[in-house]
Amino acid sequence: MSTAKLILYNFARSSCSWRVRAMLEHKKLSYQYRPVMILKGESIYPADDPFLRANVLAISEMIVSGIQPLQNVGVMWFARKFAQGDKSKELEWAQYWIENKFEKLENVLKNHSGRFTVGDQFTLADICLVPQVYNAKRYAVNMNLNNVSTRMSSNRSITILKRSIKSPPNHELFDQASLKSQYMKEVDDMKRLYDSYYRNYRKCYRKDQSLSQVPNDRFTDRIRLPLGKMKTVADVFESRNIKLKKKIGKGGYGVVYRAEFQKGDSKMEIAVKMINLRKSSNMKRMLEHLKIEIFILESYPHPNIILLMDHLMIDDHAYIIMELANCGSLHDEVERCGALKEDLVYEYFVQILKALLYLHTFRIAHRDLKLENLLLTMSKQDSQTKIVKMTDFGLSAEVYKPREGRIKTGTYGGTRDYMAPEIVRLDVYEDFDDECCLEYDPFKADIWALGVCLYEMLTSYLPFETRTKEAVFEAQINRDWHFPKRYVISKAAKRLTRSMLEPDPSRRIDPFGIWMHEWIQQCYIQNRGWKSTYGRTTTTTTTISESPSSYNQK
């Protein structure tokens, strides 16, 4: 049996569509619904003059009102009553009336048709005619007697009709109200899913092992060399079927290597992040950051969060083994391409938002969201699509205050260009006003950082770069930033960016407010839904070896 997915094309407000969909649902057949606004055909394919337009409308009405009713349930009930259970009589009755109507239509088309139903241009009449010819063939009507109708519904007309339905420029043919309704349903489903996550999280919070209760020397495997046959770091990795290759990245405290994992005959490229703990002036704090990162990656897998495979410590070096993001970071993409096209920004932004909302549901604040920490990898389902992978959770915080959702802090973290004003204020005034160091909402701060990421993808610039911390704070509070005029950016995208870069945290938009924003909805309709390559909300974790100290007890 074919595994091809059914596609239901129909006029969005047709009285027939619900019956077809009810049948498909009853038979549990998977299908894709594509509503077609045939009434829009007149504006998409307008006639050249009023006389021609009148003919188009008259012929369209003749086709729809004269032939279409034979598909009506009431009419077919009358046909069955007339046939008294004789299928051949029922078919004969339908054939008689369809042939009768097509005969009258044929006489009209002889006077008006050219290359198409009316003249030499594709019009609404062609959109109405093609499905009726299909319907006539379904009732075994001899269409050889209707040469003009058959010719008008030839492959050329059908090809143009299909192209008008499927091609991205002609979105008017799609019922936007139906797509918007579908979008609202998906957002509601997402809300219910994340609400269930949060309810389960609150129930098991006191039962699960809390991050703060795990000692820094017990959150991963520790190996002191030499150990048995293992004399070097390479020996340790070889025992885990991993072969280190070339260096692909370097930071202040460590190096990232490309590596190869082999299991049987299959090989897989992975990344190994090495962190030199001796370089840190505060090893205890470094271990705490490392513990947080491993805890989050193990406990909260998501399609848009980098996949953790294993972790260990060898002497004074920590190693995090994860999937390889082979397309660099979003920062590299912007550096290489400049300002990204808005539809591409939308694809990346939706993925980042999904990962961030997922973390916030479990009361995890990233606190260092920036383009450098958003990696890209090619989709396995679509070679033209890149998947965003969020990484670097060393500064993240596990927050659980049901009434407030806040954390108390006397310190600040992250990258200044992406810091929210309530955090920059701590940096600017910490020596002058102790009252400012009470607390801030890290989830609202993440939304600000996400807004900076959106601005940077749209313009290739940072909104508050190359300034002192005092000047940055004043610019943030006074909304002293703008979009460069040389870039074509939609008003909806600008409004969303401004709502995210709102200096007052209490008025700053929240994640579900972003989902409901007009820019996200418009892009959803233009793209006719989420891409399947990044639209999943579940994932499967692949591990190289089972760590005995795994946090993942949920």
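Each Cβ is built from the backbone N, Cα and C atoms, and glycine gets one as well.
The structure displayed is predicted, hence computed values, not measured ones.
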Additional site residue, Asp235, Asp343, Asp392, Asp417 [criterion: listed by TrEMBL with Lys273, Glu323, Leu324, Ala325, Glu372, Asn373 for ATP]: Asp392
Rounded inter-Cα distance in Å - Ala325 (ATP binding site), Lys370 (SUMO2 cross-link): 16
CB contacts for Asp368 (active site, proton acceptor) [other CB atoms within 10 A, all chains]: 19
Integer Å distance between the CA atoms belonging to Lys370 (SUMO2 cross-link) and Leu324 (ATP binding site): 19
Close binding-site residues near Asp368 (active site, proton acceptor), where close means Cα within 10 Å, chosen from Lys273, Glu323, Asp392: Asp392
